[in-house]
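What TrEMBL records for 287-414 is domain 'Integral membrane bound transporter'. Taken from TrEMBL, the feature transmembrane segment applies to 28-55, 67-85, 91-110, 117-133, 139-162, 323-342, 348-365, 404-423.
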Amino acid sequence: MGAVTGFFALRHAPETIRPSLQAGLTSAVTVLVSCAVFGPHVGAISLFGSMLALWEADRPLWARVRNAVMIASSMSVSMILGVLVAPYRWATLPLIVGMVLLTTVIYYAFMLTRGPGPLHLFYAATLGTFFGADQTLGWQIVHVIAFATFFTGLLTVLILLVGLSHPERDAVAAAREKVDAYRDGTASRTDAYRAVNRAWVTLQSAWPATGGAAHRAREKELLAINRTLAVTVLAAAGDRAPVRDLAPDTPILVGRPGFRFLLAHAVRPNSVAWFTAWRMAIAAGAAGLISEIAGIGHPYWAVLTATLVLHQWIDRRATTRRAAQRAVGTILGLGIVAVVTWIDPGPWTVIVVVIVCVIAMDLLLPLNYAVALIFVTPMSLLSIEATGQGGSLGSLLGDRLYDTLIGAAVAVVVTWATSRWFPERLLRAQSRRVEAATVAVETMTDEQAVGESGRRARAELVYELLHHLGVVERAAGDDPRLDARTRAEHNLLDRGYLALARVWCEPRLTT
């Protein structure tokens, strides 16, 4: 009984309620407006485009504007590709696999932390291949999704009008809280650096609105927080070198590394981004092929399940649990669909049910994956049934069940088949990158330390260090033989963070 209650237990995370409710309500408004414009039968599918509300939810105004244009355009283009390829059934699965590979690498190279994952970037193409079987309907759906994504983007921007500087203020406050907690011994050094780095990224993403007095005041405040972090790291290491007072040339982080660094980091053979991408692509291809051969009517659901289970590299036991949660949540959700369709409500009543499910999903997803899936299933199935493309109720429920089981099983098989050899390779490769980035900072001259090359080197080292701890923990979780390496890897982290802190020391900067 304890295992069952634990399976459905909600995580205590009150801080997620406000942003989750905001995203859910934004999606709800988009669905309602889309249904009013296009009608409830076609407009229901707008819920997919409304998922744009989950992107850049805590970033400044201009970051949201750029994000809305970029993600809305990407999702629309992705769906157009799916509709164009749909008449050539033999080409649909290769397109989907290619899109999974490409968009996953792009996401983990450039968009990490900006959205919930690469799913939306390739799933639009997958939906396009399904609805494109009827080209007239397919192009209607393209128009609906394009409208929904851009309308949702507009809403996410309008939300900021009641508090234009809230994201910057909140990011700096979060950085201060984590650094103070690290100094008091109640938070990890990695969490403190992650919060500070995220705050720098948030402030810089406010461009072009970065010239005002309020913005400069926040930069100065964050600079002081960054200095406190360096002092704390030095003290923990027993380094009593004096730390300089704040000045215009005080070294600061530069947030994200440059484009070339991020791209090269992602496409290396033993990078986490590439490892995640090719595992997802293999699982998508295998799940889709099995579903096609079995004659199941919605193979893209098998693709969706397999890729959702694998879209983040977690250890194999956690992945197996996630697959089980996906399957159980879907089965329970099918019961809701059966009840709703048995009642036979009108189209607008169905839209209300879809909206309730959207809000419930957004609220519950950070708290328990399985419970959230109970609402994802009716949300998805009812919106598809509204278009008239779902087929009979029996076939719709059966397809969802079988495709979910196929996708979950394929994801588990791919995980266990690749978790014995690859984690060690990823860990060794990441260790080499941390070592190289640390040496680059340690060997900087005094002039370089306060110059552009020094700032770039520190940004790259922070990026490697923040990635490294996650790789160490996940690799050891996947392969217990790597436990013996964890001490050495933590020593490497100590060295890297100390190198960052020593850049603030006066002797180095004033010689």
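Each Cβ is built from the backbone N, Cα and C atoms, and glycine gets one as well.
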Message: Pairs 6 or more apart in sequence, C-beta under 8 angstroms, 3 or more of them: is that satisfied by the transmembrane segment (348-365) and the transmembrane segment (28-55)?
response: yes
Task: Given the cut-off of 8 Å on Cβ pairs that are 6 or more apart in sequence, determine whether the transmembrane segment (67-85) and the transmembrane segment (139-162) share at least 3 such pairs.
output: yes
CB contact flag for the transmembrane segment (139-162) and the transmembrane segment (323-342), at least three pairs under 8 A: no
- request: Could you tell me whether the transmembrane segment (28-55) and the transmembrane segment (117-133) have 3+ CB pairs under 8 A, leaving out pairs under 6 positions apart?
  value: yes
- request: With the transmembrane segment (404-423) as the reference, find which of 28-55, 91-110, 323-342 contributes the most Cβ pairs under 8 Å.
  value: 323-342
